[in-house]
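Asks: This is the structure I want to talk about, given as structure tokens.
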């Protein structure tokens, strides 16, 4: 992609298990036919958790993963700026079972549309400045908790006890301190989770408008 081509960056934030990944993947799949398979991509904020390979597993488990300090937003900002300039980047790969980055990376080439999704995207003014549209998934916390328990136990090798403990100690408090207040920076607030068809269509139309502007 040349520097003359616009790169539209859309950020989708909200609580853990609020439907961010679902709505991001839905928009991705439905827009590919319009913009081209190789011209739209998704970046997950989780990939930018800081490398903790120098820490013991016991120390890694104690990290507050719902606090902005756990994330390498410096690198994420750098990668978004590079993609906007037409340069490819190496997106880190994060292991939920090892609680650190792996040695693998995924090459992302420049795109016309980049969809970002993550819990703390709207808390960082540098990231907000790079986004052309911002979305907040306003899903009730009790629903998020049920989804999180199911996901983390089935997909991330967690126990129910550890998931509930983390929710009480860090997930909910950090949501109230950082994530919920960041809702004020959203252009679009989406209720009822990632299957909200009207919200999906509105987002797709807005992205199409941004591509034409």
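Residue numbering: from 1, along the chain as shown.
Each residue, glycine too, has its Cβ placed from N, Cα and C.
The following feature annotations were taken from Swiss-Prot:
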BINDING   14, 15, 16, 17, 18, 19, 20, 21  ATP binding site
Asks: Around the ATP site formed by 14, 15, 16, 17, 18, 19, 20, 21, list the extra residues of the same chain whose Cβ is within 8 Å of the site's Cβ centroid.
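Replies: Result: 119, 137, 139, 144, 147, 193, 194.
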Asks: Judged by the number of other CB atoms within 10 angstroms, which among 14, 19 is the least packed of the binding-site residues?
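Replies: Counting other Cβ atoms within 10 Å of each of the binding-site residues 14, 19, the minimum falls on 19.
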Asks: My understanding is the cutoff is Cβ-Cβ under 8 Å with a sequence separation of 6 or more in the same chain; which residues meet that for residue 15 (ATP binding site)?
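Replies: Long-range Cβ contacts: 119, 137, 139, 141, 144, 175, 179.
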Asks: Which one of these binding-site residues has the most other Cβ atoms within 10 Å of its own Cβ: 16, 18, 21?
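Replies: Most Cβ neighbours within 10 Å: 18.
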Asks: With every protein chain in view, how many other Cβ atoms are within 10 Å of the Cβ of residue 17 (ATP binding site)?
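Replies: The answer is 25 other Cβ atoms.
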Asks: Per DSSP, to which secondary structure element type does residue 19 (ATP binding site) belong, with helix, strand and coil as the options?
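Replies: Its secondary structure by DSSP: coil.
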Asks: So if I draw a 10 Å sphere around the Cβ of residue 20 (ATP binding site), how many other Cβ atoms end up inside it?
Replies: 29
